[in-house]
Amino acid sequence: MARDVLTLSRHVLQQFSGFTPEAQDFSALMNRIALAGKMIARRLSQAGLIEGTLGVTGSVNVQGEEQQRMDDYANRAFIRALEQTGLVCRLVSEELKTPARLPENCSLSRLALLIDPLDGSSNIDANLSVGSIFSVLHPLEDRPEADNQDLLQPGRRQLAAGYILYGPSTQLVYSVGKGVHSFTLDPSLGEFILSKSDLRIPERGSVYSLNEGYFCQWSEGIQNYVRYVHRRDGYTARYSGALVADFHRILLQGGVYLYPGTRQKPEGKLRLMYEANPLAFLAEQAGGVATTGTEAILDIVPQSLHQRVPLIIGSRKNVEEVLRCLEGSLTP
């Protein structure tokens, strides 16, 4: 029997139980996020054929990182998909020092979209998977709009979160706090079609994902965790350099992803508000755990839009093993 074809927009409406104004706005917003994803997926599929797709721009972004050409394209794709729609007022991006106003005269009380437009962009020249990460927030009414203080809120207040994975197929995974659902782009239809609903992270998995090249810069607790998994059967290392791709594997198969702080940079590398928070929201919705090692990611009150944090995320039992190594109760 043929399965029902459930599109992303129809699924969002079902999540909100009807055609309420809120449901229609969210459905429209998810469609615009999906549109940006389609634009990026098309461009990536032509990488190497279109001049100016591969390589770097020669400039440095607000994070102090060399900007890839596709970083710039992906950021502009989200702006183009959302400007003049009235669905969001502010776009917070890894590539922008201050939020973009869409349009400039919009009401700041409208929703805000926070994005990493292209995570893992250094993978593109090698034709490896990359992704986009997004979070939707409603500004806090009791916080001043000046300096975007109204957006500095814990991740538990996210209205929606998700990512788009550009791999052998293009997949969009999202949650509005009612489970985690995955959609696959059907290029012939130009639609994201529901492929998996109510995803659950296995309680334990065999995969541990981290860049062991930083081993000597980590704390003794993280080093001990690596020694622990090296000395036991049942663990396998998988690390692609793209957060979305590595997290997606763990969402489906179980395990743990780690990007800890180093002795030189204890605050870590990943951005809280548009990388760690969205994935932590998905992880908890799917029965997993996300922590800095001392605090739940979703409980952190941000101090700035581009704040960085360490991240340990994945299956409950795998994360517990890491935490026990950090506290010293589990030794190699």
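Cβ from N, Cα, C; glycine included.
The Cβ of Asp116 (Mg(2+) 1 binding site) lies under 8 Å from the Cβ of Ser93, Glu94, Ser132, Ile133, Arg271, Tyr274, Glu275, each of these being in the same chain and 6 or more residues away along the sequence. Under the DSSP three-state reduction, Asp116 (Mg(2+) 1 binding site) is assigned to strand. Residues or ranges marked as Mg(2+) 1 binding site by Swiss-Prot on the basis of sequence analysis: Glu94, Asp116, Leu118.
Per Swiss-Prot, the feature Mg(2+) 2 binding site maps to Asp116, Asp119, Glu275; the stated evidence is sequence analysis.
If you look up Swiss-Prot, you'll see Asp119, Gly120, Ser121, Ser122, Asn211, Tyr239, Tyr257, Leu258, Tyr259, Lys269 marked as substrate binding site, on the strength of sequence analysis. The Cβ of Ser121 (substrate binding site) lies under 8 Å from the Cβ of Gln68, Met70, Asp71, Ala74, Val130, each of these being in the same chain and 6 or more residues away along the sequence.
Secondary structure from DSSP puts Tyr257 (substrate binding site) in a beta strand. Neighbour counts were taken at the CB atom with a 10 A radius for the binding-site residues Glu94, Asp119, Tyr257, Tyr259; the maximum falls on Asp119. Residues near Asn211 (substrate binding site) in space but far in sequence (CB under 8 A, at least 6 apart, same chain), listed by position: Tyr239, Gly241, Tyr259.
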